[in-house]
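Taking it in order: structure first as structure tokens, then the write-up.
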Amino acid sequence: MAAKEVKFGRSAREKMLKGVDILADAVKVTLGPKGRNVVIDKSFGAPRITKDGVSVAKEIELEDKFENMGAQLVREVASKTNDIAGDGTTTATVLAQAIVREGAKAVAAGMNPMDLKRGIDLAVAEVVKDLQAKAKKINTSEEVAQVGTISANGERQIGLDIAEAMQRVGNEGVITVEEAKTAETELEVVEGMQFDRGYLSPYFVTNPEKMVADLEDAYILLHEKKLSNLQAMLPVLEAVVQTGKPLVIIAEDVEGEALATLVVNKLRGGLKIAAVKAPGFGDRRKAMLEDIAILTGGTVISEDLGIKLESVTLDMLGKSKKVSISKENTTIVDGAGQKSDIEGRVAQIKAQIEETTSDYDREKLQERLAKLAGGVAVIRVGGSTEVEVKEKKDRIDDALNATRAAVQEGIVPGGGVALLRSSTKITVKGVNDDQEAGINIVRKALQSLVRQIAENAGDEASIVVGKILDKNEDNYGYNAQTGEYGDLIALGIVDPVKVVRTALQNAASVASLLITTEAMIAELPKKESAMPQMPGGGMGGMDF
């Protein structure tokens with residue numbers, strides 16, 4: 001086992017604080033509308049330019065083991081906040097640094113670290129309650145756009161794109177962000193349910209120009225197994241022909257004489273039909289077929305349920321206003337399923353998302369949820385260079401996460417003002433002086449956001465804080481972009497409650513652990529041994 005170095009008390013905390021400061025100072029320059037960029041060197045390719053706090057934090061690794069421990073713990077604050085709320089990483093880092101700094105001073109002055117921690121926890125709990133009480137629910141598309149704009153560092157177009165995407169696919173819909181091949185950023189929305197399987201034969205195409213099969217007002221047959229025997233299918237085919245409506249078959253596969261007969265009938269014009277492979281594999285395929293059945297008001301023909309293909313009637317088939325099938329994708333628009341059934345299925349999938357521990361399963365469940373709940377939107381991020389596209393994509397990801405958080409828990413005035421106001425509303429009392437000091441640490445730390453935003457904008461922080469607190473109005477604050485004061489909600493400068501709350505709770509949690517640290521252990525750096533000398537060449541005592 002390698003030898004370890006141990007540091008105690010003040011010297012340990014000083015080292016740790018130095019690491020916290022290095023990381024936090026690099027991250028906090030990105031805060032606010034006038035925050036600066038950070039350039040990150042990459043071992044291959046061009047350097048990366050970003051204003052995303054968590055991206056900066058993840059790149060920092062310090063040489064000194066003890067300083068690095070402090071930095072990594074604060075990095076954990078940023079990562080955890082990003083995982084839960086998707087934004088607010090810089091906010092969390094600034095708050096953590098402020099609490100650690102003040103806490104370290106209090107411990108150095110001889111206060112009990114455990115009482116300080118209890119005081120911090122009391123104050124944070126009260127601030128969280130105050131934030132939730134002040135939260136304003138989001139109702140309009142314009143408010144969604146405002147949240148997106150603020151998180152994208154004031155780029156209005158990003159906010160508008162996100163608002164439009166949410167309006168079209170619903171709050172539960174999937175919105176993905178991809179890199180575009182062009183210089184323009186564009187929004188593409190797929191309404192209805194789309195899955196990545198195309199027609200089994202190009203002969204099913206109804207529009208040869210676009211090579212798609214468009215079937216209006218169609219019946220949908222959902223079959224769990226392969227279809228190769230035509231005889232079993234005849235009763236259902238005859239019933240559909242009599243209605244004069246098209247039929248879409250979705251099965252594990254359609255092959256042999258079954259596929260050949262369908263193609264021949266389609267070409268002769270006797271039957272409007274198309275066949276598609278079912279999406280997914282294994283259990284996921286079963287679940288997705290069930291989703292399509294609920295969406296279209298049909299039944300999955302499955303041996304598990306004891307239903308045979310020969311006995312299928314028209315009322316077991318799903319219905320849809322339009323089914324569009326291309327070489328790669330199938331889209332079902334406006335299925336005839338009961339709204340209550342779809343809502344029940346959505347609730348069931350949401351419960352599975354809560355329970356699953358696998359990120360992959362969660363992602364797949366969210367895709368299924370979106371397809372049932374409304375659709376899928378794709379924001380394609382354009383730019384002149386690869387570096388610009390990556391930087392913009394970071395901001396759009398942040399803005400999207402912030403917007404989702406705002407829809408969940410509501411919004412409060414932005415620019416750090418909500419926390420600044422909450423600092424004046426902390427009424428809880430500690431049971432002793434040390435706990436009271438812990439409460440005051442939080443009071444002071446809650447000012448740090450407004451101060452940092454003002455500093456990044458080149459203004460005097462103390463004057464800004466003083467002016468905001470002079471007016472006893474919750475929404476009154478400072479617009480760093482213009483340097484003016486006013487009603488921040490009316491100006492569209494807002495923060496999602498979930499982001500602010502998560503940032504504060506995570507910052508306080510890690511900061512109070514750092515304050516209560518009394519010893520640190522790290523491996524001693526290995527001494528590089530000198531290279532052994534090479535033995536002399538040639539043969540001794542010989543002259544050449």
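Any Cβ shown, glycine's included, is placed from N, Cα and C.
Swiss-Prot lists THR30, LEU31, GLY32, PRO33, LYS51, ASP87, GLY88, THR89, THR90, THR91, GLY415, ASP495 with the feature ATP binding site. There are 31 other CB atoms within 10 A of the CB of GLY88 (ATP binding site), with all protein chains counted. GLY88 (ATP binding site) falls within neither a helix nor a strand when secondary structure is assigned with DSSP, and so counts as coil.
Our reading of the ATP binding annotation (THR30, LEU31, GLY32, PRO33, LYS51, ASP87, GLY88, THR89, THR90, THR91, GLY415, ASP495) yields a largest Cα to Cα distance of 17 angstrom. Around GLY415 (ATP binding site), the same-chain residues at least 6 positions away in sequence with a Cβ under 8 Å from its Cβ are GLY32, LEU449, VAL450, ILE453, GLY477, TYR478, ASN479, ALA480, LEU488, ILE493, ASP495.
Burial estimate for the binding-site residues (THR30, THR90): highest at THR90, by number of other CB atoms within 10 Å.
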